[in-house]
Each structure stands twice: as C-alpha cells, then as structure tokens.
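**Q** Provided herewith is a single structure, encoded as structure tokens, for subsequent inquiry.
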Amino acid sequence: MGELLLRMEGISKAFPGVQALSNVDFELNKGEVHALLGENGAGKSTLMKVLTGIHSKDSGSILYQGKEIDVPDTRTAQNLGISIIHQELNLAPDLTVAQNIFIGREPKKMFDLFLDEKKLNDRAKNLFETLNIKLNPKDKVGNLSVAMQQMVEIAKALSFNSKILIMDEPTAALTDTEIDSLFTMIRKLRSDGVGIIYISHRMEELKRITDRVTVMRDGTYIGTVNTQEATIDQIISMMVGRQIYQNQRPEIKNRNSEKVLEVKNLNRGNVIKNVSFDLHKGEILGFAGLMGAGRTEVARAIFGADMRDSGEIIINGKPARIKSPTDAVQHGIGYLSEDRKQYGVMLEMDVKANITIATMKDYLKLGSLNNPKINDQSSAMVKSLRIKTPSINQLVKNLSGGNQQKVVIAKWLTRDSDILIFDEPTRGIDIGAKDEIYNLLNELAAQGKSIIMISSELPEVLRMSHRVIVMCEGRITGELINDENISQESIMTLATQRIG
Amino acid sequence: METPSTQIIIEDKEKKIRFKSNALQQFLAFASLIVMVIFFSLASPNFFQFDNIIGILLSTSVIGILALGATFIIITSGIDLSVGTVMTLTSVMTGIFITSMGLPVIVGVIGGILTGAVAGLISGLAIAKMNIPPFIATLAMMMIAKGLALVISGAAPIYFTASPEFTKIAMGNIIPGLKIPNAVLIFFVMAIIAGIILNKTIIGRYTFALGSNEEATRLSGVNVNKWKIIIYVLAGVFTGIAGLVMAARLNSAQPALGQGYELEAIAAVVIGGTSLAGGKGTILGTVIGAMIMSVLTNGLRIMSVPQEWQTVVVGIVILFAVYTDVLRNKKAK
C-alpha cells in the first residue's frame with residue numbers, strides 16, 4: 001500500500017436543522033482507489049464538499065501530504081491538487097472542450113489583450129496525449145455524449161496536476177463499454193500515484209475497481225474495510241445498519257382486493273424499462289430504490305407529466321388515456337411531488353387557497369369565488385388532517401414541513417383522488433411529524449384510497465408498505481411482500497442489482 | 001505482442017446532426033434578409049437605390065450599436081432595459097459638456113462614453129454585488145437615466161449649433177468620394193470590435209461561460225462577479241457611443257427621445273439568433289437582426305404600408321424568429 005496522502009479527522013458540519021456530518025474520519029493513500037459508500041443522505045457528498053472547499057467545516061482537521069491544510073474555496077482545493085468530478089457535470093455546454101478545461105487559466109497573447117486559442121488547443125491536445133484520451137479540443141462540449149463529457153471533466157481535473165481525484169457516481173450515466181474505458185483510465189491514474197475517492201452505489205463495481213471501502217451512515221463514520229476481504233453482504237449491512245426498524249409492520253389486509261391501477265410494459269427512453277405492476281384498492285405499495293433508479297420517472301409517466309414511449313395504464317379495469325396531468329387528475333390520480341416547495345404548495349398563498357386551488361370551479365358562484373364555501377371546505381380539511389395552523393388564512397410558508405405536506409394531501413383529497421402517488425412523503429420533515437404523515441397514509445388506505453409511496457428511506461418503506469417494488473436503473477428488480485422474510489438488506493441487494 | 005490498451009474510445013453519433021442544425025440557423029437569418037431585400041426590390045423600384053440603402057444603414061446604426069452591447073448582456077443570460085434612456089442621458093451629458101460648458105468636442109465625446117460606462121458599472125454592481133435580478137436592476141437604471149436626462153437638460157433639447165464639427169461625427173463622410181455617412185462606418189467598426197472582443201478576448205470567453213453555466217464557471221475559480229460587472233460596463237460603453245451617434249445625427253440632444261430603443265435593440269439581438277437563455281449568440285447575427293428590422297420598416301414604408309402596420313409586422317417577425325430558435329433547441333434536446 002502506498003504512503004498516506006490524506007487524512008480527514010473528526011470532521012463535523014451542521015446545516016440549519018441538520019447535523020450533516022458528525023466526527024467523520026477518512027483516509028486516502030497514494031495510488032489507491034477508495035470507495036466512499038452510504039445511502040442517500042449519509043453525508044458522502046457533504047464530506048467531499050468540505051474537502052474541496054465548497055462547504056467549510058465546523059470542526060475537525062484535514063492532513064494532506066503531511067501538512068494540515070485549510071480549504072476555504074474551490075480555487076484553493078484545485079491549486080492543492082484536489083479535484084472533484086461532480087455527478088452533475090460542471091461544464092459550460094456552449095464552450096469547446098479546450099475552453100472548458102482551461103477556463104480561468106486561458107493563455108493570452110499580445111500584451112494579454114487577446115486569447116491565444118492556438119496555445120489553448122495545443123495544451124489540451126498535449127494533455128489528451130499524455131492521458132491517452134481521444135478528444136478533439138475544438139468540439140463543443142454540449143455536442144458530446146455524457147461519457148465524453150466525463151472524460152473532459154477528468155482531463156480538466158488532471159490538468160491541475162491533481163493528487164486527489166474525487167469521482168461522484170461516475171458510472172451513473174455510462175454504458176458498459178464506456179465503464180470499461182473509464183476503469184482503464186482509473187487504473188492508469190492509480191499506477192501514476194493519484195489517490196482516487198470513488199463514490200458509487202454500484203456494489204459490483206467496488207470489487208472491480210476499488211482497494212478499500214469506507215462506509216458512512218446518517219452523517220457518521222461507520223468503518224473501513226479492504227475490498228478484497230469484505231463481502232458485498234457485509235458492506236450492505238454496514239450501510240443500512242440495524243437500528244430503527246423495530247416498528248410494527250403494517251397490517252396487510254387489502255392484498256387481494258380489486259385492482260385499481262394496472263401498469264403494463266411502461267417504457268421511456270433509458271430511464272424506464274419495461275415496468276409493469278398492479279395497485280390494489282386500499283393498498284400502500286412501496287417503491288424502493290436508490291436515487292436515479294427511475295421511481296419518480298415512473299410516477300411522472302403515470303401522471304402524464306412526462307411522455308412515455310410505450311406502455312398501457314389501466315384504471316379500474318378500463319384502459320386510460322393519460323397524456324397530461326389534467327387527464328390523470330380526471331382519472332382520479334393525485335401526485336405529491338418529492339419537491340414540495342417547487343411543485344406542491346404555493347408558499348406565498350394561504351392555507352385555504354392552497355387547499356382549494358385544484359377545485360376552484362366548485363366554489364364559483366355567478367363567476368365569483370364563494371368564500372364561505374371555501375372556508376368550510378378548508379376548515380373541514382384542516383380538522384380532519386389535523387393540520388397545525390393558527391387559521392386557514394395563514395400563509396403556507398409559515399407552516400412546518402409536515403403541515404405543508406398535509407396541505408398538499410388536503411388539496412388532492414378535495415379532488416376525490418382515489419390513487420395517490422406520494423414521492424418521498426416525509427422528506428425534510430422532522431421525526432415527530434413523520435409519524436403524523438404515516439398515520440394519515442394508513443387512514444387513507446383504510447378508507448379505500450390506493451397509495452403508491454416512493455421512498456428512499458428503507459425503514460419507512462418497511463414500516464408503511466403492504467408490498468414493496470424495488471427498482472434499479474429503470475427496471476423493476478423485485479417485488480416483495482412485506483412479511484418476515486423481508487429486510488433492509490434484501491431490498492438493498494435488489495436495489496443495487498444491475499443487469500449487465 | 002501484447003500492448004496494454006489505454007485508449008479511450010467512445011462513440012458519438014449525434015454530433016454531426018446537431019452541427020448541421022446549428023449551421024442552418026446561422027444561415028436562416030441571413031437568408032431571410034436576402035429574401036426581404038429581393039422582395040422589396042421587386043415590389044418597389046425605389047427600394048434598391050443607393051440613397052435608400054444608405055438610409056436603411058443610417059437608421060440601423062443607432063439601434064445596431066445598442067444591440068451590439070445588448071448581445072454581450074443577453075449571452076450572459078442577462079438583460080439590459082436601460083440602454084434606451086442611458087443613451088439619452090449620454091447625449092444630454094455630451095450636450096452639457098460641449099454646448100453649456102463650452103468644452104472641446106473630444107471632451108464631450110469621452111464624457112458621453114464615460115457616462116454610459118458609469119451607468120453600466122452601476123447596473124453591474126447592483127446585479128453582481130447586490131444580487132438584484134438584471135431585469136429589475138436595469139429597469140431601475142432605465143428610470144434613473146430617464147429622470148436624470150430630463151433634470152440635467154431642463155427637459156429641453158440641447159443644440160450643437162455652436163460646434164458644427166460635432167454633427168460630422170455621424171453625418172460627415174470620412175472616406176472622401178464615398179457617400180457613406182460616418183454613423184454607418186462607426187456601426188460597422190463597432191461591430192468588428194465587438195466581434196473581436198466576443199471571440200478573441202477573455203471578456204468574450206467569460207460572456208459565453210457565464211451564460212452557458214455560471215455555476216461551473218464559478219467552481220472553476222473564475223471571479224464571476226467581476227466579469228459580470230465588466231460586461232455591463234462594456235455594454236455601457238456601446239450605449240455611450242450610440243448616444244453620441246444619435247446626438248450627432250440629430251445635431252441635438254433630445255432628452256425625451258430614447259425610451260423604447262432598448263426593446264428594439266433586444267429584438268434585433270433575438271432575431272439574430274442569440275438565445276435569451278444565454279450561452280449562444282453572434283455579433284454577425286445581431287448585425288443581421290438589426291438590418292432585418294430596418295429593411296422591414298423601410299420596405300413597408302416604401303410600399304406605403306401605414307406606420308402602425310409596420311410595427312405589427314415587426315412584432316410578427318420577432319415571434320417567428322424566436323419560434324425557430326425554440327424549435328431548434330427542442331430538437332437539440
């Protein structure tokens with residue numbers, strides 16, 4: 001094993017309301033590929049943002065090449081030789097490959113008045129030759145495939161003579177051949193002594209490319225193992241932990257009731273691949289999977305928010321033509337987006353307006369709004385959903401996350417939606433309020449509403465779902481009945497099951 | 001022999017198709033201009049006359065110079081609503097310097113250009129440092145400049161009759177024997193300078209980078225605020241020059257004139273294929289866009305279409321020009 005390159009010790013970082021990192025350690029050697037693993041929200045990205053100067057740490061120390069360093073901004077990190085390739089590629093699509101690589105460091109000529117485009121392109125060309133990458137410096141980045149854009153990012157990172165290269169989910173958008181090329185590149189860098197921090201959810205990649213694995217969970221450091229000595233199962237159990245899930249399992253009553261929704265062979269580009277499933281009356285159907293597995297995309301396709309390439313949607317036994325959210329709403333489908341603030345509520349409007357906005361037509365009297373009726377309806381909803389608000393005239397932005405979510409639920413209930421799709425219903429909601437939302441979901445199911453619940457929190461999936469569908473890379477990789485045989489581990493195994 | 005293959009080979013099929021659609025768009029604006037010229041030449045014998053063509057170019061010059069500056073702003077995905085009234089303010093300031101204070105013409109010229117630059121600096125500071133959206137910051141600057149122009153001039157035109165050489169800036173013929181007014185030459189020279197700045201200098205590079213992906217630019221260690229301010233100052237300089245040309249053409253500074261020019265400048269930029277979403281645009285496109293607007297107005301006038309209807313037609317042309325851009329972007333996705 002190579003010599004120590006980086007040691008992060010006792011790193012803590014808090015954001016308003018969240019302790020994102022508490023006392024995290026991490027180590028990296030020269031010529032090592034070190035995987036950083038954890039579920040969504042485990043703190044991997046935050047840790048890397050601390051290392052690259054995007055976030056400042058609250059406490060802890062960073063030792064780099066034997067010296068303690070301070071990374072106040074991204075420039076400093078770059079100059080130190082610490083580069084990150086973000087999951088969302090950070091390139092300017094309208095500039096060329098060479099222009100992107102040397103942005104901020106453009107060679108100039110004639111008393112620095114003009115850009116030296118020739119030198120710029122030559123430098124890029126030399127860089128590509130040393131790295132053995134086939135890229136044309138003059139191509140526009142926006143015209144390149146994702147894999148090629150990633151190569152541009154790697155080249156850019158290495159043009160700073162990086163000693164540490166952080167790759168965040170580098171294979172997420174790549175095909176298998178492209179992954180092979182990427183791994184060839186990584187092996188070359190490793191033999192050149194570069195330390196690589198590799199963030200990925202794909203278990204089978206770890207064995208192929210990494211030397212060690214460090215696991216994080218809920219903002220804390222769990223442990224580090226040598227990849228060759230550990231089993232995938234071991235790593236998964238480190239990731240999910242064993243606490244929390246001692247809660248009661250849901251009572252499963254409605255498994256054999258009538259089917260209200262049948263989805264058959266749904267396809268959309270690369271994101272949804274041949275998805276079929278049924279939803280029964282009064283059922284809570286959990287959708288588990290990692291970020292980018294295609295769960296939200298399935299929900300949006302059913303809801304008509306995105307066009308689907310093919311696939312049939314059958315509601316109550318009859319084929320439904322859903323081409324837009326308006327169609328979906330008319331068929332009794334409600335969709336509660338994961339991004340509540342952007343798609344769910346109007347923060348600057350009051351509770352009653354938010355609750356009744358989807359059914360305005362019902363409150364018109366001679367063309368003007370019938371306020372007593374709006375007030376009655378809203379008050380009734382506030383009462384039945386136990387929305388904590390001083391009055392129905394309160395602005396929604398003044399409510400807590402949990403109560404905002406209830407306002408969204410109320411909105412869909414006023415439309416008599418029978419099929420409710422909840423996308424991450426408890427994201428950004430504190431623990432106490434989560435219970436309230438769970439009780440509400442259970443009550444709705446008991447009343448005969450059928451619920452699809454997309455959730456990235458496994459304890460939540462296990463606590464709420466009658467059945468669980470697991471997705472990975474646009475495919476359904478498993479359907480599980482929520483009984484004694486199910487566990488966070490079994491779901492995680494399915495969620496990381498790539499089909500080669 | 002076994003050689004370790006470290007070649008990175010990735011296919012890229014879509015590239016060629018997209019390249020074609022980009023080139024097509026470049027060509028489209030120019031083709032429509034040619035078609036218009038041919039159409040009006042056939043429709044009226046008075047259109048394709050030397051004097052009329054010069055008239056078209058002359059009427060393009062002020063809007064055109066404004067549009068050159070606006071091109072930079074719009075490529076950064078910003079907007080500048082203040083150029084019309086700032087232009088008025090610069091011509092009023094030039095009038096104050098030359099006529100009221102009796103300073104030499106050259107001082108008035110430099111003072112006018114500086115006025116534009118300062119207005120750009122203030123807008124840029126408001127946008128970059130105070131985080132005020134460009135639309136609002138420049139709307140405020142529009143009103144400030146409009147008010148100041150009226151206050152400073154006492155709401156009355158300032159004439160340059162005492163300095164006969166001033167009007168030559170726009171209306172003289174610097175090239176002997178060729179009856180092309182200087183205003184037109186200034187427009188073309190400014191267009192060439194703008195083209196060089198946009199394509200050959202660091203300012204141009206960051207103009208595209210800001211509009212293409214500001215966050216990526218920032219994360220690359222570029223001081224995006226500084227460059228934003230510089231770009232607004234640059235646009236202010238263009239506005240100042242437009243103000244000079246305007247004042248010299250009219251041989252007076254008209255404090256009530258100018259509002260509305262900013263929208264025509266934006267229209268010229270947009271017709272020329274620069275995307276309001278930022279990251280894309282050319283100076284040539286803007287020059288063509290400005291010419292399309294004046295050819296259209298001039299041609300319709302020669303065909304005796306009432307002025308009110310001319311405006312309607314220009315509006316429709318803007319809709320179509322932007323719609324082709326929307327279609328193109330949709331295809332690219």
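Backbone N, Cα and C define each Cβ position, glycine as well.
Automated prediction, rather than curation, is the source of TrEMBL annotations.
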**Q** Suppose you had to name the range TrEMBL annotates as transmembrane segment; which of B:81-99, B:252-270, B:290-308 would you pick?
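**A** Checked against TrEMBL: transmembrane segment maps to B:81-99.
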**Q** Under 8 Å, at least three CB pairs between the transmembrane segment (B:229-250) and the transmembrane segment (B:309-327) (pairs 6 or more apart)?
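**A** Stretch pair does not touch.
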**Q** Between the transmembrane segment (B:81-99) and the transmembrane segment (B:135-160), do 3 or more CB pairs sit under 8 angstroms, pairs being 6 or more residues apart?
**A** yes
**Q** Given a Cβ distance threshold of under 8 angstroms, which distant residues of the chain, six or more beyond its ends, lie next to the transmembrane segment (B:309-327)?
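**A** Same-chain contacts beyond the ends: 25, 28-29, 267, 270-271, 273, 275, 289, 292-293, 296-297, 300-301.
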**Q** Mind checking which residues of the chain, 6+ beyond the ends of the transmembrane segment (B:27-47), have their Cβ under 8 Å from one of its Cβ atoms?
**A** 271-273, 285, 288-289, 291-292, 295-296, 298-299, 302-303, 321, 324
**Q** With pairs fewer than 6 apart in sequence excluded, do the transmembrane segment (B:105-128) and the transmembrane segment (B:53-74) have three or more C-beta pairs that lie under 8 Å?
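**A** With fewer than 3 qualifying Cβ pairs, these stretches do not touch.
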**Q** Which residues of the same chain, at least 6 past either end of the transmembrane segment (B:105-128), have a Cβ under 8 Å from a Cβ in it?
**A** 78, 80, 82, 86-87, 89-91, 93-95, 97-98, 134, 137-138, 140-141, 145, 163, 165-166, 169, 224-226, 228-241, 243-244, 247
